[in-house]
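Structure, as structure tokens:
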Amino acid sequence: MAAAAPGNGRASAPRLLLLFLVPLLWAPAAVRAGPDEDLSHRNKEPPAPAQQLQPQPVAVQGPEPARVEKIFTPAAPVHTNKEDPATQTNLGFIHAFVAAISVIIVSELGDKTFFIAAIMAMRYNRLTVLAGAMLALGLMTCLSVLFGYATTVIPRVYTYYVSTVLFAIFGIRMLREGLKMSPDEGQEELEEVQAELKKKDEEFQRTKLLNGPGDVETGTSITVPQKKWLHFISPIFVQALTLTFLAEWGDRSQLTTIVLAAREDPYGVAVGGTVGHCLCTGLAVIGGRMIAQKISVRTVTIIGGIVFLAFAFSALFISPDSGF
């Protein structure tokens with residue numbers, strides 16, 4: 001028993017060593033595994049913010065150009081800016097046309113040129129009288145528009161307000177004249193024009209007698225085309241042209257056309273003025289005496305003064321740079 005005890009003690013010693021060594025060997029492995037797992041976990045956590053931060057610059061840089069495009073694309077209304085001048089031009093033309101035609105109508109109805117065309121149309125060929133009067137009025141309108149357009153070298157602000165003052169002066173004068181007129185003012189104007197035309201006819205007949213006999217007595221022959229040409233360029237045509245041009249020169253309608261061309265679209269003023277003269281002269285040629293008896297020159301003059309004052313008053317609400 002005593003001999004076997006040492007053998008058993010020797011045999012149990014290695015077992016005890018193994019029992020002690022295995023935990024010792026396992027402990028470092030566990031210790032190594034634990035920190036490695038913790039470190040791996042810790043290493044995995046920090047990259048997560050890094051991975052989240054790395055795409056952020058890309059995400060920020062990516063949407064920024066899109067945002068810039070969204071901001072700048074609607075802020076460049078190229079088409080609207082191109083269309084605005086054309087729209088303003090059309091409105092300016094219409095405004096000038098309406099202003100010119102309305103002012104010419106209220107200025108020319110019952111005027112001296114109106115009665116000249118009316119009386120000559122009752123005595124001579126209407127088409128010849130209308131052609132001569134319209135040529136004179138067309139030339140006068142074009143000259144007046146050129147005079148008014150020449151003032152555009154002056155800044156528009158000055159011409160705009162000067163023309164406004166002139167409109168107010170014309171309106172006040174027309175109102176005063178209309179209120180002071182007698183109801184028979186149109187008949188007096190008509191008789192005055194008749195006397196003037198009678199005087200012109202007497203001078204024409206006297207000149208014709210002084211020039212000698214006609215073509216038949218001299219033996220000269222005139223072909224048919226020459227007769228047509230002489231019929232168109234007849235003394236009546238020349239008389240209507242000269243009388244209308246001289247009566248219109250310095251008249252209120254000429255001054256009004258100059259003032260309108262200085263502040264409005266010149267093309268609109270030219271077209272509107274020509275159409276207004278054509279309407280008034282056409283009425284005078286077709287039924288001038290009847291119209292002169294039906295309408296009152298006093299009423300037309302008062303209405304004209306109101307129209308002029310309305311244009312002057314509108315300047316208080318329209319900017320000079322608006323194009324109207």
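Backbone N, Cα and C define each Cβ position, glycine as well.
Both T113 and S296 are recorded by Swiss-Prot within identically named topological domains, on the same side of the membrane. Per Swiss-Prot, the listed range annotated as region 'Disordered' is 35-59 (candidates: 35-59, 185-209). With a cut-off of 8 Å between Cβ atoms, the residues of this chain six or more beyond the transmembrane segment (152-172) that come close are 252, 255-256, 259-260, 262-263, 304-312, 315, 320-321. When Cβ-Cβ distances below 8 Å are used as the criterion, the transmembrane segment (268-288) is approached by residues 92-105, 108-109, 111, 113-115, 117-119, 121-122, 126, 129-130, 133-134, 137-138, 141-142, 144-145, 148, 253, 257, 260-261 of the same chain, each at least six residues removed from its ends.
Taken together, the residues in the topological domain 'Lumenal' (34-89) have a mean pLDDT of 49 on the 0 to 100 scale. Contact count against the transmembrane segment (90-110) (Cβ pairs under 8 Å) is highest for 300-320, out of 127-147, 229-249, 300-320. Here the topological domain 'Lumenal' (148-151) is broken down by DSSP into helix, strand and coil counts: 4 helix, 0 strand, 0 coil.
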